[in-house]
Ligand SMILES: Nc1nc2c([nH]c(=O)n2[C@@H]2O[C@H](COP(=O)(O)OP(=O)(O)OP(=O)(O)O)[C@@H](O)[C@H]2O)c(=O)[nH]1
Ligand SMILES: [Mg+2]
């Protein structure tokens, strides 16, 4: 469990998810994004909250239980990999405001009613960041690739988590493929 973010560690303790912890811990090594400079988990954790970039991403399901996924464009970090829509929180914004803006900019829908699922600090290739994933309970409009990227609804059992960035792989393996926890968040 060493090296896991505190929140995740708490969730795994005494839970049915604890079996996936070993593979998750191994995965955690891969969370380094070609880091520049590489920071240890402890160094990442010691960066004050207001000095690290925040990234927010949203997980949305449609009425058929499919999840909204977008493909990153060429020429950006993790080009062509799949991702959940979202992006960097700007200085004046709350996480909710950033999610609203990012979903309008990237997939052309208005989102509301956010529940935190999971967060972690990551060694990005240009700077460290803290990524927060939210379950989005309501949305208005039809999603499309508003920045010219592919956007599609995926059946949960068709998700290949290897096609997502490392932090997102952890989210998928531990919170989306094992949907009991998500159902629990939904009801809150
Ligand atoms: N949107 C999104 N970003 C992710 C995910 N997982 C993950 O590690 N990231 C990382 O989060 C960082 C910021 O996301 P982003 O590139 O979407 O930021 P952005 O929309 O503000 O882009 P911009 O800087 O081109 O305006 C990137 O380093 C990206 O690789 C994910 O599932 N979705
Ligand atoms: Mg983005």
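For all residues, glycine too, the Cβ spot is worked out from N, Cα and C.
Taken verbatim from TrEMBL:
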- 51-177: domain 'Nudix hydrolase' (DOMAIN)
- 72, 83, 84, 85, 86: 8-oxo-dGTP binding site (BINDING)
- 86, 106: Mg(2+) binding site (BINDING)
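Ligand 1 lies under 6 Å from the Cβ of 83, 84, 86, out of the binding-site residues 72, 83, 84, 86. Of all residue pairs in the 8-oxo-dGTP-binding list (72, 83, 84, 85, 86), the one with the greatest Cα separation is 11 Å apart. Here the Cα atom of residue 83 (8-oxo-dGTP binding site) is found 12 Å from that of residue 106 (Mg(2+) binding site). In the three-state DSSP scheme, residue 86 (8-oxo-dGTP binding site) falls into the strand class. In this structure the C-alpha atoms belonging to residue 84 (8-oxo-dGTP binding site) and residue 106 (Mg(2+) binding site) are separated by 10 Å. Each of the binding-site residues 85, 86 was scored by how many other Cβ atoms lie within 10 Å of its Cβ, and the smallest score goes to 86. Fewest other C-beta atoms within 10 angstroms, among the binding-site residues 83, 106, are seen around 83. In the domain 'Nudix hydrolase' (51-177), the DSSP tally of helix, strand and coil residues is 31 helix, 50 strand, 46 coil. Residue 106 (Mg(2+) binding site) and residue 86 (8-oxo-dGTP binding site) are 8 Å apart (CA-CA, integer value). Annotated pair residue 85 (8-oxo-dGTP binding site) and residue 106 (Mg(2+) binding site), C-alpha to C-alpha distance, rounded: 7 Å. Cα of residue 72 (8-oxo-dGTP binding site) to Cα of residue 106 (Mg(2+) binding site): a span of 11 Å.
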